[in-house]
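> Once you've had a glance at the structure underneath, I'll fire off some questions.
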């Protein structure tokens with residue numbers, strides 16, 4: 001063998017040895033990285049478990065400062081019922097001094113006299129990391145009920161990275177905007193970013209906002225569009241809120257909601273639902289992806305009931321005299337000493353609303369309107385003007401009937417009765433909010449006589465007078481389950497462990 005051949009052979013052997021050493025070194029490094037990754041994951045899980053345990057014990061010790069007699073009186077006065085599958089002995093926060101949120105949040109909530117009932121009862125469970133279903137009348141303070149613990153959790157976790165951690169899904173653009181307006185006060189105070197995502201407006205700014213926000217409020221349709229085009233990552237969401245879930249299903253969003261939930265964490269996610277009513281479809285959906293949820297109910301929810309702080313006046317009228325009667329009512333509720341009182345008028349259909357709007361303007365009234373024939377910009381402007389007091393007369397279809405928090409509405413006028421008595425209760429719930437008193441004046445015609453019995457039940461339940469003309473239509477009502485509203489919450493056993501579901 002020549003010298004050159006020996007050199008080549010030697011070089012090949014050295015190359016093989018070098019490759020072998022490199023491979024060994026790489027395998028060793030990969031093994032170490034894998035071990036480090038596992039240790040890091042185990043450490044993180046251990047830390048999360050400890051934090052959850054500490055959070056629970058802290059929650060219980062703070063709540064314990066309320067006396068049992070005070071708690072009993074509070075539960076009785078507000079007709080509070082709690083169904084907790086785990087049987088944990090958690091008591092409500094009757095005062096802000098009993099709860100320990102971060103300073104920035106404590107400063108914001110202390111501007112209010114005390115927690116509302118839904119806040120007082122749900123906060124201890126939410127701070128203990130439990131899934132919660134909250135059922136309460138509109139105007140109950142549910143946005144802070146779910147928003148305060150959510151934002152507090154982001155800050156205390158120490159992870160302020162720009163990924164979506166809190167997701168609130170809402171049925172309408174108006175309600176989503178309202179929730180966002182409430183939450184941005186807290187996120188700004190805590191140095192976090194939040195955004196509101198809904199349809200009817202360009203996507204460009206929303207895409208940019210989603211990249212930077214930790215808290216997102218969204219309607220299902222637009223959010224799903226952005227998910228499908230790859231503009232939003234929900235894999236870091238650990239706090240999910242479905243607000244007005246019954247309305248979302250009524251609007252046909254069930255499949256969208258399922259697809260959205262699939263994009264979030266399934267194991268470490270805390271899930272909440274806050275609403276006024278619970279149809280069968282939502283109860284079944286809840287049982288599929290909520291983990292042993294605590295059901296918190298404020299007020300008597302066994303039968304449909306109206307806020308007792310609302311004076312209900314029902315007049316039986318000729319259907320052709322309704323608009324003339326409306327002008328008479330506005331002289332009573334919106335002129336002279338009451339000229340600056342906020343009055344909300346409900347029509348049933350958008351064409352009716354357009355006609356009534358023109359008629360009111362013809363008669364000299366400055367009226368804002370929200371209905372389907374208007375653009376999103378026009379609707380938002382109308383709502384903002386009404387909220388700000390620039391225009392104190394608002395005409396709306398049922399798009400504004402659920403969840404919108406418009407402060408200081410003195411009177412609700414039902415020009416046309418809604419399709420269900422449930423919607424009637426939600427409509428009149430725009431007044432008498434946050435402990436205030438209000439008036440609801442309803443025009444009822446023979447065309448709605450099939451709803452007379454159910455309406456009489458609501459009036460009787462709230463201790464309101466029932467006009468003789470209404471009784472003539474009959475007071476018997478057959479107990480049935482409306483297609484959009486369930487009759488019984490407990491049809492689904494929520495104590496069962498959630499099953500793995502497949503989203504098509």
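Here the Cβ of each residue, glycine as well, is placed from N, Cα and C on the backbone.
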> Scan 243-246, 247-250, 251-254, 255-258 against Swiss-Prot and say which stretch is down as motif 'DEAD box'.
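In Swiss-Prot, the motif 'DEAD box' feature sits at 243-246.
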> Quick one: sort out which of 67-93, 94-120 is the motif 'Q motif' according to Swiss-Prot.
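When 67-93, 94-120 are checked in Swiss-Prot, motif 'Q motif' belongs to 94-120.
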> When you scan the chain for residues with a C-beta under 8 Å from the motif 'Q motif' (94-120), skipping those not six or more beyond its ends, what do you find?
58, 62-63, 65-66, 70-71, 74, 78, 80, 127, 134, 136, 140-142, 144-145, 148, 151-152, 155-156, 185-186, 189-190, 274, 296, 298, 434
> Around the Cβ of residue 143 (ATP binding site), how many other Cβ atoms lie within 10 Å? Please give the count over every shown protein chain.
24
